[in-house]
Structures are given as C-alpha cells and as structure tokens.
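See below for the structure under consideration.
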Amino acid sequence: MTASSNQTTDEAAAQQQPLFLHKPPYGDHLEARGWAFDAIGRSLSFIGNAVFVGTAVVHQAKINAGCLPEDVECTGVTQYGIRPSSFLALYNVIVGLASSALLPLLGAIVDHTSSRLFVARISAISYCILLFPMIFISQATWFAVAVLLIITALIGWIHTGMTFAYLPEMSDDKKTLERLNTSFTVIQFTTNVVYIVVVVGIAAGAGWMDDSLATARLAQSISFVITTAFWGIAWLKLMGPRPAMSQLPPGKHLLTIGFRTIYRTSIDIAKHHRALGWFYGALAFSESATQALLIIITTYSIELLNFSSSEAGVMYLIVLLSSVLGCYLSELSLRLLSPIRSNQLCIVSMALFTALAATFVKDSHALFYMFASFWGVCGGWKYTIERYLAITIIPKNKDAELMGAYLFFGQILSWLPPLVFTALNEAGISIRISMLSLLIFWFIAVICLQVMGPYENALRQANEAVEDSSLVDNNTAEAVEEPESKQSSEAPS
C-alpha cells in the first residue's frame, strides 16, 4: 500500500467513530492499524525487558557478587568488575549514548532513502529473535541476558525511530491525525496496564511474588509471543514502503548529513529563536534526569527494599496510573500559571519528592509506593506541559524541522545522569546520595526555563519568525515578478 492510498482513507467516517479501544478511528486505514499493532508489541516488550527482566538481572548479580538477595546495599563486586546496583544504570548509559549518536542517522535514512520499511522489518525480526533466549534467564545465563537487554534496547530504539516516521504521514487532515495519535496513546497505556496486571496476577496466583526469575520468565514469554505476532502482522501485512523525501545532495554522505542538519538547526535556533533555545536546553537536562529516574528508583527498590520483579511491576503500574492524574493537573495549572512557570513547578516538585524519598524511605514498601505515585503525577504533568510549550512556541513555518530538534534535545543527554550515578555508586557512595545527583540536572533545567523569559515573549518570537519568513517570501515573489513585468512593457506592440 502506498502513502497516497493511505492518505485517501475515508476521513469523515474515521472522525465519526468514537474513541474507544474496541473501535479505534482507523476505518480502512491499514497502516494506522499496523501502527497500533506495533505500539502493542513495543509497550509489552519494553516493560518486560526494563522492569521484569531487569529486576531479575540485578538480583542474580547480587548473588554473583556474594550477597544474599535480601542484603541491603550489596557492597560486593561481580566477577565482571562492577557492583550489582550499577547494572541498570550502566545499561542506560550505553543505550543513551548509542541512541543519541544514531538519531541523526535514522533521520537521514527517513529523509534521503527509500529503506524505511526495510530497516523497520529487519529491526523487528532481529528484536523478536533476541527476545526468545531471554525467556530462559537463570543463575547461569543472567549475564548473557543482561547483554541481550542492551542489544535489544538499541535495536528497539532503531525500530521505534522508523515507526514514528510513519506517524505524521497517516493523514493530511489535522483533526484525524490528532484522533489517531490519541488512540495510539490510549492503546499503549491500556496495553501497559493490562500486561502488568496479568503478569503480577499470575505470579501471585502461582506463588512467585518473591521469585524474580520465575516472574521474569513469565513476563518474557508473554512479551515474546504477543510482540512477535503483532509485529509480524504489522510489518509483513499492513505497513507499506515510502520513497525518499529528498535526494541526497551531491558530495554529501548519508552517515554525516544528519549531523550537519542538526548543527545547522542548532545555529539557527541560537541566532533567531532565543527562547526556544533555552527551552531545548531545559528539556535536555530535565528529560535526561527524568528518564534516569525510573532506572534509579528501580535499583533503589531492589537494593534497599529487596523488591522482587513482581513488586517492581506494581511500582511501575502505580507510576503509570498516576501519570494520568498528572496530565489533568497540567491542564489545571495553566489556569493559574504560565506554561513556563508550570513546567518549573513540575520539575521542582519532582526534585523535592526525590529528595524526600532518598531521605525517609528506608524499609517501608508502602511509603515507596506512595512516592511512586508522586513521581507518576509529576511525569504526566511534565510530559504534557512540555509538549504544549513546544507546540505553541515553535514557529509554524518550521514546525517539522524544530519538532525533530525537540526529539533530539530530549534524548541527547539521556546517558549523562545514569553515568554520574554509576560513577558515584562504583566509588562506594550510598545509593541514597547517588540518587540525589538527579537534582543537579533538574536545577539546571529550572534555571534555563527562568532565563527563557516570559511566555508572552516566547510567543512573540515565534510569531515574528513567521512574519519575517512571510516577508522574505513576498519580497522574493516581487523580485521575480518585477523583471517579468518590465519585459512585458518593453515588448513591441
């Protein structure tokens, strides 16, 4: 199926359908259905790897280091030379560095080649193949599974980049595109909730709540079967090829043109979009710390509270459900505060809850679950308000280019907070103190938002950029018309 055939879908029929999971607004749009299928597999496998399997890996690393799983802050070192509490953070460092480096290349593949579908299919097949051996995680295979976690995360990131390139092309109608995007978000959220409830429910019924290995095997088995089935249908039956958006300029190389584009965009932002530049700076620091938070609190819960894989799943479920309240809180805050001040308040709140948790949570699971709900609220609030800020202060004539920059700056420092945490942890500093290193990144983000200036100024800069662009276009058109009219007047009658 081609892009044009997908975009000629019955938009009116899609808009008339209610937004429920059992009746999504897809109509005959096969690629929209394929994107939804991909989202289901992505949600399952990412949670299965990061939460259930990741927790089991840390437990086995503690045993390998000579500690009992219930030991608080294992100070031993595994045979591979690192502390058990550093495994998840180090995993995040490697994935963060690789994904930051790959992002410009993925953009170049989408823009300048017709290989998008091929890369998506190969990455999907490779990912599913590597999910299978992780089902057999054990005391003998845990390190191999830890390596597979890193490899699958990198492949999954490549696949996600190719998948999201299809999203803006789903429809030419803005309202239909918004409904599709909302539907995909509902599907991902529902998949996450149902998956965690099913895994934890079966583990509880089977008496595996304290058995991280058994829970990880169960979660990974479900993830492998469903992800393979849904991705197989999506990428072999529903998703279609795409031509190159533009030809590669003469003398340019596919490996470097993406970085050149990012460089030119960054220079343009610094020169002509000052407020937007400070917002992207705030985004880089705040998003990197927030992404690292989930990994660090998972490590914290395992090391200090002896959480099992099932309990880690419950924690993530609480974070997920609480994020819905955060989305509504974001909307409520806009009635009282500007979006910039709302973003600052959200970041300060997240930092405050992190500091309080590191200070007061010592052995109480219930208290940690309470803080998990606070983090979830702040996460939903932060995601919503930052997307709102980006949409409103990005000049409309550069929305595609600068939204790409929004994604890039949100990812560029994702490796740094877990690297700082790992360095402190390997130096023997308590996890409680190492966890507080996140506050540095959130503090810098708040400063960047302060330097950004009033929200009204940011809006004015965006509007002026659009007006200047329109003026340049008009002058160019007049310059073209003037020689033509002169030639007409000089022509013999």
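Just so you know, the numbers here start at 1 and follow the chain as drawn.
Glycine is no exception: its Cβ is also placed from the backbone N, Cα and C atoms.
Per TrEMBL, the features are as follows:
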type     : residues : note
REGION   : 469-493  : region 'Disordered'
TRANSMEM : 89-110   : transmembrane segment
TRANSMEM : 117-136  : transmembrane segment
TRANSMEM : 142-166  : transmembrane segment
TRANSMEM : 186-206  : transmembrane segment
TRANSMEM : 218-236  : transmembrane segment
TRANSMEM : 278-302  : transmembrane segment
TRANSMEM : 314-332  : transmembrane segment
TRANSMEM : 344-361  : transmembrane segment
TRANSMEM : 367-385  : transmembrane segment
TRANSMEM : 405-424  : transmembrane segment
TRANSMEM : 430-452  : transmembrane segment
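Among the listed stretches 117-136, 142-166, 314-332, 344-361, 405-424, the one sharing the most Cβ pairs under 8 Å with the transmembrane segment (367-385) is 314-332. The transmembrane segment (117-136) makes no contact with the transmembrane segment (344-361), as judged by fewer than three Cβ pairs under 8 Å among residues 6 or more apart in sequence.
By the Cβ criterion (under 8 Å, sequence separation of 6 or more), the transmembrane segment (405-424) is in contact with the transmembrane segment (430-452), since 3+ such pairs are found.
Contact between the transmembrane segment (278-302) and the transmembrane segment (430-452) is present: at least three CB pairs lie under 8 Å, with pairs separated by 6 or more positions in sequence. For the transmembrane segment (89-110), the residues of the chain that approach it from at least six positions outside its boundaries are 54, 82, 116, 119, 146, 149-150, 153-154, 157-158, 161-162, 165, 242, 245, 254-255, 257-259, 261-262, 288, 291-292, 295-296, 299, 404, 407-408, 411-416, 418-419, 421-422, 425, judged by C-beta separation under 8 angstroms. Within the chain, the transmembrane segment (344-361) has long-range Cβ neighbours (under 8 A, six or more residues past its boundaries) at 286, 290, 293, 297, 300, 304-305, 330, 333, 337, 367-368, 371, 374-375, 378-379, 381-382, 385, 432-433, 435-436, 438-439, 442-443, 445-446, 449-450. Below 8 angstroms of C-beta separation, residues 31, 35, 38, 42, 45-46, 49, 53-54, 56-57, 60-61, 64, 80, 87, 91, 94-95, 98-99, 102-103, 106-107, 109-110, 116-117, 119-120, 123-124, 126-127, 130-131, 133-134, 239, 242 of the same chain, each at least six residues beyond the ends of the transmembrane segment (142-166), sit close to that stretch.
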